[in-house]
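**Q** What Swiss-Prot lists as region 'Disordered' is 1-25, 604-635. As annotated by Swiss-Prot, compositional bias 'Gly residues' applies to 8-20. The transmembrane segment annotation in Swiss-Prot covers 121-141, 183-203, 500-520, 525-545, 638-657, 663-683. Per Swiss-Prot, the feature active site maps to 269, 422; the stated evidence is sequence analysis. Summarising the annotation, Swiss-Prot assigns substrate binding site to 328, 330. If you look up Swiss-Prot, you'll see 619-628 marked as compositional bias 'Basic and acidic residues'.
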């Protein structure tokens, strides 16, 4: 028989007696108390009935509370297990780490050692100062004036008084001057960012977008009007990019354009014989399908990508083509790409370049790709679109763009003098008076670097090259015939503010000056510079990618962390150091952009394999390579500069506690943790 407290009868509960009935829903896994209701004790009931009922109810409540406690303990255990798993994974990744990450093929060992040594000396000095400040804080001397400290007996008190006088008279004034200068640069750059965002808002509000005078895309039958389509040359430079060549070649060969009016050049600079054989076989397969496609492999591989493109443009048949389209090896254009870009040249003889924006197939792969997506969305949505709409000039992105061949030739063609040949040709074309068009609604999908090592090398090239180019073309800009405001935009905004000042103040202000002001509190860095303005700028940066809003704090911290790499790259490019000439092909993973596109490529591949004999040597090598690759182990790289800066910032955070600077403390703490995560290579994928 069920106990009396199990349910409630119509007679008013437990034998119509007193007590506090408790209904427990047993089917509820939460074991929650669903009803606790006091009932009046019926007249004439035994005196102990109420107490007995309350005793039983108390026991039931105890059991429910115990079950809740058990569940809470289970949650804590799960959280602890997850934390241990993360710590264990971090330990394994760190244990397999390599400390050669800071090495660059062209960088001198002495220069690299000096850079790391300066950071290490700063760290040791900050630790010593922290120990001194803690001891002085315990003595209460941080509240005393220098004169009162001199009256205190003891060597330590006199030494600390001398340190305070040194700070006040000699260290604080120049540090405050440098702080004010960096804050001024920070404000100028923030105003520039705000103006760009206002320009983007105006473009959206007014619906401003480039409109072609005549759209070839309106014709339903491609072959019917082939004579109305201009001749287009498609170039695909690649180098040892085995993971992506097949899908990118397939995407280009399926472009919706009369086959007689476009030619594909696969410009293979691979030094791996197996990769070259596979690419050549893929080209031959599409040739048998009727596509006009040519395979080119240079014997003398000089000049990197610029040399490859320059060699291809020297072919005799190039004179028969009016436009040239460039796709890097990981880019997968939509079938209507040419129909949406080439018409913008018609009737506009002064247009030299039409640039499409990038989209990314792996933007949600990990935290690193998400943060890159925020940066590049702002770059295309705001910077490129605004500059294209109002100035008719922006930096060519190196791929997913259509050039008028006449504009290339008029600008001097491709040059190998820097590692940013795309920006080089864009600046020279702008100086010749050519106009650029940016199409924000035409996207070409590609990959983002998934490992920090690959991303770091890419960013080094992207930030050292512009400084090389600025040195080389500064005189040409001054002597050019373009207007004063175009010269001002090119020199001050395009090069100095966005390529030099931005990485300079980011590193100097947040990684050098801010920690120093903690140990020299007489020099002040306002809280609005540390927190409020950067937060506002981060919100503006993340607006073009609203789905990434939850990552706004990691984005802000990661951008400051990357300032070390960007600052080093800027210095190497400005002073022509060895690492400024380093060119490393960004590692690809071979992710597909569209399922139907891949299916189409696979369909053609299957048909071709049935009807033709494969290259047995290439296939044999291809089958043997996975076995070799399976033996490769992924490992982490240890970045010593980032680790040293992490400990420096954490030390400064501890010092800020003594000054009761809350905002500075939290910023330094989280920024130090961010440097630690990056220094241990715990962001992004591991490298093989």
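Every residue gets a Cβ built from N, Cα and C, even glycine.
If you look at the structure here, what lies around each of the features I listed?
**A** In three-state terms derived from DSSP, residue 269 (active site) belongs to neither a helical nor a strand segment and is classed as coil. On its own chain, residue 269 (active site) has 237, 238, 239, 297, 298, 301, 305, 308 as residues at least 6 apart in sequence with a Cβ closer than 8 Å to its own Cβ.
Residue 330 (substrate binding site): 24 other CB atoms within 10 A of its CB, across all protein chains.
Listed in sequence order, 395, 396, 397, 398, 399 are the same-chain residues six or more apart from residue 422 (active site) with CB atoms under 8 A from its CB.
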**Q** Using Cβ-Cβ distances, find the residues under 8 Å from residue 328 (substrate binding site) that belong to the same chain and are at least 6 apart in sequence, listing them in sequence order.
**A** 236, 237, 238, 398, 399, 446
**Q** Short question: most Cβ pairs under 8 Å with the transmembrane segment (500-520), which of 121-141, 183-203, 663-683?
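**A** Answer is 183-203, with the largest number of Cβ pairs below 8 Å.
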**Q** Among the recorded stretches 121-141, 525-545, 663-683, which has the greatest number of Cβ pairs closer than 8 Å to the transmembrane segment (183-203)?
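**A** Comparing 121-141, 525-545, 663-683: 525-545 has the most Cβ pairs near the transmembrane segment (183-203).
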**Q** For the transmembrane segment (638-657), I need the partner stretch with the highest count of C-beta pairs below 8 angstroms, choosing only from 121-141, 525-545, 663-683.
**A** 663-683
**Q** Counting only residues 6 or more past its boundaries, what in the same chain has a CB within less than 8 Å of a CB in the transmembrane segment (663-683)?
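**A** For the transmembrane segment (663-683), the sequence-distant neighbours (Cβ-Cβ under 8 Å, at least 6 residues beyond its ends) are 90, 93-94, 97, 101, 366-368, 452-453, 510, 514-515, 518, 525, 527, 530-531, 553-554, 557-558, 560-561, 636-643, 645-650, 652-653, 656-657.
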**Q** Let me know the DSSP-derived helix, strand or coil state of residue 422 (active site), please.
**A** helix
